[in-house]
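Structure first, commentary second.
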There are 2 protein chains.
Amino acid sequence: MEIEEMLKQKDLKITPQRMAILTVLKNTRSFLSAQELFQEVIKILPGTNFSTVYRNLDVLLGKGLLCRVPSDTADLYELRREEGHHHHAVCKGCGASIPVDFCPMESLAKELGRKGFLPTEHCFEVYGLCERCRDGKK
Amino acid sequence: MEIEEMLKQKDLKITPQRMAILTVLKNTRSFLSAQELFQEVIKILPGTNFSTVYRNLDVLLGKGLLCRVPSDTADLYELRREEGHHHHAVCKGCGASIPVDFCPMESLAKELGRKGFLPTEHCFEVYGLCERCRDGKK
DNA sequence: ATAAATGCAAAGGATTTGCACTAAG
DNA sequence: CTTAGTGCAAATCCTTTGCATTTAT
């Protein structure tokens, strides 16, 4: 299976909890908070502990298997898919997230490099209202 | 004084606490967490309460006098200066922040608009190592 | 006068941690 | 066997809130 391969490649042990976490992330289109993720995980693997989820989010993030974006209350997580790097436009009305292929770092990395700055991470997220929510608020 | 004008323009009452908060923010080059800000504020105005700082950060943010950027642990705040909108490259080594004039929304707003999405806020921050810290780590 | 702002203390919510136990390699 | 991973419960950290009091306008 593919998830198992991902874990092996990163020298991570294959545990039921990890499988459950990655399965949920894989089957989720938009991103999830740790809490939402946990709720889904215990449907698949009841008894899984909350701290296990948190600890794994850290580990998986550190191994580059996930990406994290900041949000109002809690951070949100998403499986990093092969397709490549992208960002999101998140609707503050309904929570829907529209993928955005454009990445500002492409234009900026060189310029920062000239100033001696070495970018290692970045965050770019857009918040607003999607068409439906925008119309509803009129 | 200038801070007082800012408050008046926004229909906010001029209180010693607010003055202290804005004074600290004004005298700070990079941005501060709420906790850091609080530590500075009580040097100027001892006895100022923690919740007062938080409440004012909310108010001032709502009035557009500040901007907020997400960070590892806590959100960071900065006085919004006249010069206009900009972003930052933050060094994970020493915390220094380099202002970045480029704003990705300029290129993206139209494209999102075509999709019906109305952007209201956005976050763009770059993290990495500045020249000094990068060399130190070699 | 009166509505906004503050202080205080307590609550809330997200995340982390210590420790003993379990299980993957 | 050995180390990473887990469960549990408690702790921590950041932030918010209710309420009585004070203060700016």
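In case you wondered, yes, glycine gets a Cβ from its N, Cα and C as well.
What TrEMBL lists as Fe cation binding site is A:His85, A:Glu106, A:His122. The Zn(2+) binding site annotation in TrEMBL covers A:Cys91, A:Cys94, A:Cys130, A:Cys133.
Shown are the binding-site residues A:His85, A:His122; the one with the most C-beta atoms within 10 angstroms of its own C-beta is A:His122. Checking the binding-site residues A:Cys94, A:His122, A:Cys130 against chain B with a Cβ-Cβ cut-off of under 8 Å leaves A:His122, A:Cys130. A C-beta separation below 8 Å, combined with a sequence spacing of at least six in one chain, links A:Cys133 (Zn(2+) binding site) to A:Cys91, A:Lys92, A:Gly93, A:Cys94. Note: the Fe cation site is recorded as A:His85, A:Glu106, A:His122; in the same chain, A:His87, A:Cys103, A:Pro104, A:Met105, A:Ala109, A:Phe124 also have Cβ atoms within 8 Å of that site's Cβ centroid. Under 8 Å, Cβ to Cβ, and six or more positions away along its own chain, A:Cys130 (Zn(2+) binding site) finds A:Ala89, A:Cys91, A:Gly93, A:Cys94, A:Ala96, A:Ile98. Residues A:Lys92, A:Gly93, A:Gly95, A:Ala96, A:Leu129, A:Glu131, A:Arg132, A:Arg134 surround the recorded Zn(2+) site, their Cβ atoms falling within 8 Å of the Cβ centroid of A:Cys91, A:Cys94, A:Cys130, A:Cys133, which are themselves excluded.
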